[in-house]
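According to TrEMBL, the feature compositional bias 'Basic and acidic residues' maps to 352-364, 411-422. Annotation source TrEMBL lists compositional bias 'Low complexity' at 386-395. Residues or ranges marked as domain 'Palmitoyltransferase DHHC' in TrEMBL: 137-262. Sequence annotations record features per position, and here TrEMBL assigns region 'Disordered' to 352-422. Sequence annotations record features per position, and here TrEMBL assigns transmembrane segment to 30-49, 61-83, 181-204, 224-250.
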Amino acid sequence: MAKRVYQVWKGSNYFFLGGRLIFGPDAKSLLISLLLIIVPVTVFCVFVARHLRHEFPSYNAGYAILVAAIVFTIHVLVLLLLTSARDPGIVPRNSHPPEEEFRHEFSASVEGGRQTPSLQFPRTKEVIVNGMPVRVKYCDTCMLYRPPRCSHCSICNNCVERFDHHCPWVGQCIGLRNYRFFFCFVSSAMLLCIYVFAICALYIKVLMDNNQSTVLKALKESPASVVLMAYCFISLWFVGGLTGFHLYLISTNQTTYENFRYKAENRINVYDLGCVNNFMEVFCTKIKPSRNNFRANVQEEEPRPPLPTTREAEVEMGEDHRAKVEDDLEFGGDLLKISQRHNIEDIEAEIRSRGSDVHHHNSSEADSVLGSDRRAPNVQADIRNSSWGRRSGSWEIASEVGGMKSNITESRSHVSPKEQYQ
């Protein structure tokens with residue numbers, strides 16, 4: 001039976017309901033966040049809102065306080081689940097590096113300064129975003145060039161589009177596909193803290209009016225209100241400060257990662273579209289579908305041909321140079337044969353002028369000269385081997401061929417007619 005993608009997933013995520021829900025590796029911390037929301041609201045409903053049901057008889061406003069607290073809490077929990085249990089924008093990793101990005105670069109070897117090509121991989125490349133060049137990096141883990149604003153989360157072990165940060169309170173990365181829900185969750189939690197704090201203060205005021213007592217006595221009558229007000233005050237500093245910080249990031253179209261990493265470098269923000277357009281981009285654009293189908297069956301990848309070795313790359317890169325060298329060597333060999341052919345014709349003419357009595361000796365001499373012509377391909381091969389391995393692309397064949405031609409001519413001139421006759 002074929003396995004599904006979530007069953008062989010290489011990231012550090014946890015999957016539930018057959019790959020329908022995806023959480024980060026620290027999903028257990030989500031339970032703490034749930035308790036920090038559910039427990040205070042339960043205490044509020046039991047010890048505060050329940051006593052206010054009959055305090056506002058007109059339009060049953062007392063029941064509205066209790067219902068509003070429950071509905072608001074459910075709203076916050078749903079936003080927390082949407083933030084934590086969905087794909088934040090994970091970029092599918094490749095099973096092999098992109099071959100089209102490989103390039104051959106010559107590097108000098110130790111032996112004789114010979115240059116051999118080696119496979120190089122560019123670590124960065126530039127893309128154009130809003131008319132401005134942006135440098136993107138290559139991810140060795142996912143074997144891909146990260147899209148702009150994408151970063152690799154070391155906790156989840158995934159590359160995430162528009163990576164903002166990894167939030168331990170929701171147990172998930174915050175990225176392109178869940179940032180909107182994350183901000184709504186944080187801001188809704190802030191409003192819930194304000195609501196609980198205000199209703200607790202109202203209940204203290206109701207106790208003071210009903211019993212004609214002081215604030216201290218009212219606080220003693222409802223210790224739950226005191227605890228809830230203190231808890232909401234402390235939590236408000238956290239979720240309130242986080243809400244204000246992300247309002248600033250949205251208005252300037254930044255991510256938390258970019259703000260902390262590039263703030264000191266004074267980089268130009270090429271993603272800033274203006275305050276209104278930045279808010280529209282976050283809250284009013286359609287959320288892109290996930291690039292991963294975690295429930296799909298794993299497709300077996302066809303075996304790839306191996307990458308070219310150094311020797312194969314050398315043959316490929318030097319093919320044009322070798323073709324040129326072979327043409328030059330053949331041309332030099334032709335010149336050598338032509339010069340030898342002229343020398344042979346001169347010797348044969350001289351032999352015919354000597355007479356038939358020395359025909360036998362001159363024929364052997366001609367055969368020896370013809371033998372040197374047969375050895376011309378060997379001379380050509382020696383030239384080719386001796387000239388191979390030069391670093392320069394130009395091959396000085398003419399000087400070598402000319403030198404060999406002059407040596408052969410000199411060797412012919414040393415043979416006098418008297419020696420030929422003897």
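Cβ atoms are placed via backbone N, Cα and C, with glycine included.
Two recorded stretches are said to be in contact when at least 3 C-beta pairs lie under 8 angstroms, sequence spacing 6 or more; the transmembrane segment (224-250) and the transmembrane segment (61-83) fall short of this definition.
For the transmembrane segment (30-49), same-chain residues at least 6 beyond its ends with a Cβ under 8 Å from one of its own Cβ atoms are 23, 65-66, 69-70, 73, 76-77, 80, 84, 169-171, 189, 192, 196, 199-200, 203, 222, 224-225, 227-228, 231-232, 235. Mean pLDDT for the domain 'Palmitoyltransferase DHHC' (137-262) in this predicted model: 93.
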